[in-house]
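Feature list (source: TrEMBL):
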type     : residues : note
DOMAIN   : 23-189   : domain 'Putative sensor'
TRANSMEM : 23-44    : transmembrane segment
TRANSMEM : 50-69    : transmembrane segment
TRANSMEM : 99-119   : transmembrane segment
TRANSMEM : 156-178  : transmembrane segment
Amino acid sequence: MTTVIVTAGPDISLRQLGIDTRYVLTGFPIGVLTSVGLATAVVLGLGTAVLLVGVPILAGALAGSARVADAERRRAARVLGRPVPAPERRRRRRALAHGLLRVVPSTVSCALVVTWWSAAAAGLSASLWDWAVPYGPGAEGLPALIGLGSAAETRIWLYMATGLLFALTLAPLVRAVARMEARFAERLLSRA
């Protein structure tokens, strides 16, 4: 006789939701600042390399990208639940590529997380704020547009149901985009 162990899927707790949300929301400004700073340093360094002034600027950009890569490995380790090892030999060009490109997954992740959190909070609290929204004559809300009528109760229930849908999918979505962003960092910054 064999025993089958059934697992209930990934453990998504409120603590992990907080860790993932913090990772994504802080990753966006870090990504923008890193990308802009490194792009400026690389362009300035390449433009002045003929005068030999650009060589130290390029070296500084590579050193800066290596420091940001070390910090990102520590940040990604919290999301992935395992350490993200540094490569045996420093690959500063990969750290530079990560610093320049990280704004792309950070932007997508941040947009999704902010949208999901906002929709869940606004939908679940619709009964608290709907009275304050001016619905003048001829103004049709979403329920009227999809054929459910224009009564305030219908509107509130639809918004609350939508908020509940966003709230139920919030933790899996935030987990998925945080892992996507952390794996992007892991692929570029660890042993490969």
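Yeah, the Cβs are placed from backbone N, Cα and C, and that goes for glycine too.
Nobody curates TrEMBL annotations by hand; they come from automatic prediction.
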Answer key: the stretch among 23-44, 50-69, 156-178 with most Cβ pairs under 8 A to the transmembrane segment (99-119) is 23-44
Residues outside the transmembrane segment (23-44) whose C-beta sits under 8 Å from one of its C-beta atoms, at least 6 past its ends, are 54, 57-58, 60-61, 64-65, 68, 75-76, 78-79, 96, 99-103, 106-107, 109-110, 113-114, 174, 177-178, 181-182
